Ligand SMILES: Cc1cc2nc3c(=O)[nH]c(=O)nc-3n(C[C@H](O)[C@H](O)[C@H](O)COP(=O)(O)OP(=O)(O)OC[C@H]3O[C@@H](n4cnc5c(N)ncnc54)[C@H](O)[C@@H]3O)c2cc1C
Ligand SMILES: Cc1cc2nc3c(=O)[nH]c(=O)nc-3n(C[C@H](O)[C@H](O)[C@H](O)COP(=O)(O)OP(=O)(O)OC[C@H]3O[C@@H](n4cnc5c(N)ncnc54)[C@H](O)[C@@H]3O)c2cc1C
Ligand SMILES: Cc1cc2nc3c(=O)[nH]c(=O)nc-3n(C[C@H](O)[C@H](O)[C@H](O)COP(=O)(O)O)c2cc1C
Ligand SMILES: Cc1cc2nc3c(=O)[nH]c(=O)nc-3n(C[C@H](O)[C@H](O)[C@H](O)COP(=O)(O)O)c2cc1C
Ligand code: FES
Ligand code: FES
């Protein structure tokens with residue numbers, strides 16, 4: 001049997017499989033299909049300070065081997081999250097990686113502090129900071145597109161949270177040099193990285209000859225973008241191996257549908273894997289991918305999951 | 001009948017359909033499947049100063065709704081191109097958009113000057129400048145990722161070519177802000193833009209647990225990236241409409257497989273369309289897409305192709 | 001979930017099955033395809049108004065998102081197990097409008113499709129015998145006959161109104177005659193029944209039958225007018241909507257629409273888990289326009305000028 | 001190209017047809033699937049050693065790239081037109097190793113596949129009667145029987161050598177006996193014929209028959225050793241390679257390999273248009289290693305230290 005456990009920035013997880021933020025709601029819905037406590041961690045929908053209605057509809061467009069979404073971070077706000085969602089996840093024994101978001105660096109810090117002060121916070125194995133949000137202070141430029149804005153958010157969140165709780169910065173691929181953003185986040189105190197968020201895309205409704213999404217542009221996800229995710233993980237891992245930045249765990253996400261897909265990200269350097277859009281096709285995808293990945297590692301003779309992380313750099 | 005002719009930076013084309021550079025070789029191969037003179041323009045494989053062997057193999061990996069390639073700009077060099085390929089294209093009556101490349105801005109200028117001095121240059125309706133090449137003078141950083149490097153190349157090429165010949169800068173989507181690169185190219189004298197080149201991606205061969213491509217990373221193309229191409233064309237066209245930069249024709253490319261796909265790019269702001277990877281599936285794809293696009297415009301009541309360009313910005 | 005096995009998460013909230021269903025019947029009905037699927041998990045759990053979500057193609061398909069279809073009827077498992085129907089079947093009626101529905105309607109007996117269901121909220125049934133009008137537009141009538149039978153079992157008087165653009169786009173006229181106490185047909189072009197819309201005949205039927213409940217399933221515009229007419233006649237409308245759904249199971253937030261809650265406040269709620277059936281008068285119809293639905297300014301968490 | 005029509009660009013260089021081919025036969029042969037396709041354009045133009053490229057799935061498939069297969073046999077159109085074969089058929093032998101070949105081998109009679117062919121260069125035939133040895137590894141034997149017949153028509157003595165890992169991975173043992181003057185079988189596990197590799201028996205056969213030509217089709221390692229053995233015995237090797245091909249028609253440059261030209265210089269040439277058949281001694285076998293092929297330093301346009 002392959003040892004599938006993994007330690008991410010000091011937190012031991014039973015396995016490396018996670019949901020992806022925004023692709024699994026906050027647990028109850030998927031718990032009808034599998035026991036969410038079976039996951040390495042459950043990543044919740046990015047939560048902001050206040051309740052948010054999100055954008056108008058249509059919010060999605062299907063694309064070849066993927067989809068576009070413009071949800072606009074609809075959510076209940078951090079108060080409702082710590083009162084209802086997090087305790088529920090804790091009650092079923094899930095380990096949680098809450099994802100937080102903000103329109104300003106102060107909002108991130110505020111969300112983090114409410115989270116840290118909450119009763120069920122013990123279920124958290126870290127906090128994922130979704131920096132792919134428009135920064136209202138900077139003409140709506142996404143934090144993750146700017147190393148300075150990214151590092152401001154990460155250092156504020158890092159200061160706010162207790163040291164035992166690792167902070168993962170979730171990066172956007174829509175940048176000229178993702179290693180520069182990664183390095184800025186690590187400099188600011190991030191304990192790990194999650195890569196990648198969606199790519200900015202757009203679909204035209206050719207019946208109406210106008211943008212199909214109510215929000216005009218949206219985020220592209222699904223198997224079609226997997227090569228971009230693998231490349232991003234590879235580049236950042238490579239930079240770590242070359243000593244350009246400290247070596248921290250990378251959580252790989254983007255287009256994973258099967259255990260083989262997950263293994264690509266792992267071999268490129270990911271220490272954990274999130275399954276997003278594939279969950280819409282198969283609600284049990286995160287646990288199915290875990291089974292498939294375990295089987296593959298076994299058949300290749302790996303004794304433990306950790307031995308496979310980044311192996312493609314050695315060959 | 002819809003009038004499908006289009007005038008691109010002063011050059012009148014019988015229709016807006018083109019091959020995409022590197023996806024159609026230099027004409028003879030596709031001429032077995034359709035008359036290449038039927039196209040608005042035939043875009044040739046990016047040519048450099050000297051003959052190039054390109055990279056080792058494997059040079060390709062199939063991906064969901066797309067593929068990765070790392071050809072490494074294999075080609076005969078500009079001398080053989082102007083002696084053999086361009087005259088052949090001229091002899092069959094094709095209008096040609098030669099694509100040029102270089103490892104330094106001087107190399108681009110050199111290629112442009114040999115091209116401009118060549119006998120069959122009359123067949124050219126412009127020159128496409130592939131600035132998605134590694135700049136040896138800048139640690140291999142791709143020209144198109146840097147506004148200064150992009151603008152240096154474009155102004156040198158612009159100076160070298162006769163004024164009647166429009167220069168199209170072909171942009172990479174792998175940048176934080178594509179409108180900034182577009183503006184820099186226009187400032188430097190580009191008469192039009194081609195968007196987009198491939199996205200940087202990577203595939204791991206999970207049998208061998210190493211990068212599948214001999215060149216490690218490669219360019220991602222095909223229908224899966226179409227939403228990124230539509231978004232890029234939309235953003236730049238929007239910036240033109242907002243007066244941020246002068247309005248010039250945009251040639252749309254990325255993931256076009258059908259007339260409907262082409263119409264997405266047109267409605268987003270493209271005045272011409274290139275078909276790349278889809279040609280590998282259907283060698284006659286460029287002319288099939290032309291037929292399908294013509295039929296769609298007809299059924300929607302457009303009197304001319306030009307009326308459909310950018311319409312999605314008005315609704 | 002493997003092979004023909006099904007997993008049913010019966011013990012958890014909103015029990016639902018994920019199963020590989022064999023197609024055991026497919027036939028053309030007017031403009032639609034009527035499919036019968038062996039899906040015992042869904043068949044045993046479903047109630048009228050719920051839907052199933054079908055995957056398109058196999059694991060290598062470029063089409064990732066599921067397609068949703070109202071459950072037309074179910075035949076639960078059990079009984080003596082000797083008849084084919086003892087297998088537990090779910091029937092759906094599909095209009096082939098795009099790549100997904102074209103793939104689904106081309107399935108042949110013996111082929112399998114991946115099915116999740118039952119999903120969403122069923123039509124609420126009145127506790128007392130009430131006079132009810134059931135209005136279906138196009139294939140929207142599919143779930144109504146099963147509903148009609150459930151209502152008549154409770155002693156309700158049931159009238160059905162089926163409307164469509166033309167005769168071939170009506171579904172279940174004969175079935176309507178069997179399941180209801182009265183049937184009215186309308187077509188836009190007059191090729192069957194009254195020429196015109198269901199909204200032309202609905203007021204008269206509500207009045208004639210003193211209906212207290214109006215159930216509707218069909219295009220958005222129709223549901224809105226059903227709601228208005230019901231309200232004008234003091235009846236309650238229950239409508240089943242069709243928003244574009246990426247997951248169907250409540251995890252993606254693409255299928256939302258503005259609905260007024262019991263606290264009087266409007267929220268963007270997921271039509272796949274809190275719907276597809278809503279009280280007509282709770283839906284903020286004013287927010288829908290030209291294929292878009294905006295977030296009403298008074299909705300909980302609506303964007304405020306200058307940010308949140 | 002529409003429907004079952006085919007377009008054949010006969011007037012232009014390297015005539016090739018693009019056609020929607022109906023599957024008229026499919027049967028299991030050992031570990032392989034033998035398919036017969038109605039593809040009159042390809043059938044009328046093809047010669048032994050050429051290949052066809054098949055699309056996978058329909059227009060909505062996530063699999064864009066074609067898959068290439070050696071032509072096993074063709075039956076041209078013409079004749080009296082009364083027999084089924086008068087339709088013009090192409091036969092291929094497919095090993096289901098991945099998603100594309102699994103889809104292709106699951107096609108049933110009546111299904112269609114999109115076919116482009118014939119592609120590439122055929123095996124060159126000696127102008128004078130020569131003694132020839134034809135060596136096939138696994139399904140690599142598929143194009144050899146047709147070649148054998150063409151050679152015998154020219155008066156050549158033809159010996160066939162078929163090798164595979166095990167008996168079920170041999171293709172065409174009976175056909176070999178019909179088409180050749182002598183047949184030798186090898187399997188790695190000894191389940192049929194000699195235990196061992198084709199390279200174990202080849203030297204003896206070349207010597208015994210004084211062969212001047214050796215034709216090979218199979219895995220790269222085998223082609224290399226055929227080339228070496230032929231050279232050692234003064235024979236010319238002609239080998240058909242299988243490089244990964246994205247387009248098959250010469251436009252993508254993915255299928256290149258280093259081959260020495262008539263000027264003695266090595267170039268990265270496209271194996272789909274300049275191959276798949278190459279003179280064995282022209283191939284730079286030294287550049288292949290562990291699934292990679294590097295550009296030899298002495299190749300035309302090879303990267304130079306410090307850039308180009
Ligand atoms: C709860 C519910 C019940 C439905 N019941 C039926 C039914 O009984 N019979 C029937 O024929 N159809 C029904 N539909 C509509 C059906 O789901 C769509 O027609 C189908 O998804 C279209 O897919 P496509 O690939 O053929 O078309 P496309 O238009 O190419 O679909 C592309 C995307 O848009 C979405 N979409 C497109 N049209 C609709 C629509 N009208 N409603 C929702 N999503 C849409 C699809 O899910 C898909 O993700 C129902 C929809 C919902 C939400
Ligand atoms: C000229 C030529 C003739 C061939 N003749 C035959 C034949 O007669 N019978 C037969 O069974 N197979 C033959 N092959 C190999 C066959 O094309 C591959 O097995 C097939 O493409 C694999 O596709 P897949 O989707 O099943 O597998 P995958 O491995 O998933 O294919 C993924 C990609 O890799 C490429 N690829 C994978 N393996 C090979 C390979 N061995 N050679 C070339 N490309 C590959 C595919 O084209 C595809 O683009 C031939 C290949 C070439 C180039
Ligand atoms: C509908 C949808 C909603 C998403 N919401 C969020 C979110 O709230 N926060 C976040 O960090 N990422 C969000 N994402 C991005 C995913 O977490 C993930 O990074 C991305 O989709 C790539 O992975 P995938 O291809 O497996 O989906 C969302 C993606 C989708 C499709
Ligand atoms: C095999 C291959 C080779 C390419 N070579 C070039 C090239 O030489 N110059 C260039 O500007 N773009 C090149 N491209 C990029 C295409 O021209 C095009 O911009 C890109 O593939 C997106 O379009 P598509 O999705 O239609 O293929 C190449 C693409 C492929 C797939
Ligand atoms: S369809 Fe995904 S939440 Fe409703
Ligand atoms: S396969 Fe495309 S050039 Fe050979």
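Glycine residues also receive a Cβ, built from the backbone N, Cα and C atoms like all the rest.
No curator has checked TrEMBL annotations; they are predicted automatically.
As written in TrEMBL, here are the features:
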type	residues	note
DOMAIN	B:5-296	domain 'Dihydroorotate dehydrogenase catalytic'
BINDING	B:21, B:45, B:46, B:130, B:170, B:196, B:222, B:254, B:255, B:276, B:277	FMN binding site
BINDING	B:45, B:69, B:70, B:71, B:72, B:73, B:130, B:197, B:198	substrate binding site
ACT_SITE	B:133	active site, nucleophile
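Closeness to ligand 4 is met by B:46, B:170, B:198, B:222, these being the binding-site residues among B:46, B:72, B:170, B:198, B:222 whose Cβ falls under 6 Å from the molecule. Each of the binding-site residues B:45, B:70, B:72, B:198, B:255 was checked for a CB under 8 angstroms from a CB of chain A; the ones meeting this are B:255. Shown in sequence order, B:22, B:46, B:132, B:219 are the same-chain residues outside B:45, B:69, B:70, B:71, B:72, B:73, B:130, B:197, B:198 whose Cβ sits within 8 Å of the Cβ centre of the substrate site. In sequence order, B:20, B:23, B:66, B:67, B:221, B:222, B:223, B:255 are the residues of the chain that are 6 or more apart from residue B:277 (FMN binding site) and have a CB within less than 8 Å of its CB. Across the domain 'Dihydroorotate dehydrogenase catalytic' (B:5-296), the prediction's mean pLDDT works out to 97. A C-beta separation below 8 Å, combined with a sequence spacing of at least six in one chain, links residue B:170 (FMN binding site) to B:21, B:99, B:128, B:129, B:130, B:131, B:132, B:144, B:193, B:194, B:195, B:197. For residue B:45 (substrate binding site), other Cβ atoms within 10 Å of its Cβ number 27.
Secondary structure at residue B:170 (FMN binding site), taken from DSSP and collapsed to helix, strand or coil, is strand. Those binding-site residues from the list B:70, B:130, B:198, B:255 that have a Cβ under 8 Å from chain D Cβ atoms: none.
Taking CA atoms as the reference points, residue B:70 (substrate binding site) and residue B:46 (FMN binding site) are 14 Å apart. Rounded to a whole number, the distance between the Cα atoms of residue B:133 (active site, nucleophile) and residue B:72 (substrate binding site) is 9 Å. In this view, residue B:198 (substrate binding site) is surrounded by 26 other Cβ atoms within 10 Å of its Cβ, with every protein chain counted. If you take the Cα of residue B:46 (FMN binding site) and the Cα of residue B:198 (substrate binding site), they are about 14 angstrom apart, rounded to a whole number. Counting only the Cα atoms, the space from the residue listed as 'active site, nucleophile' to residue B:198 (substrate binding site) is about 12 angstrom.
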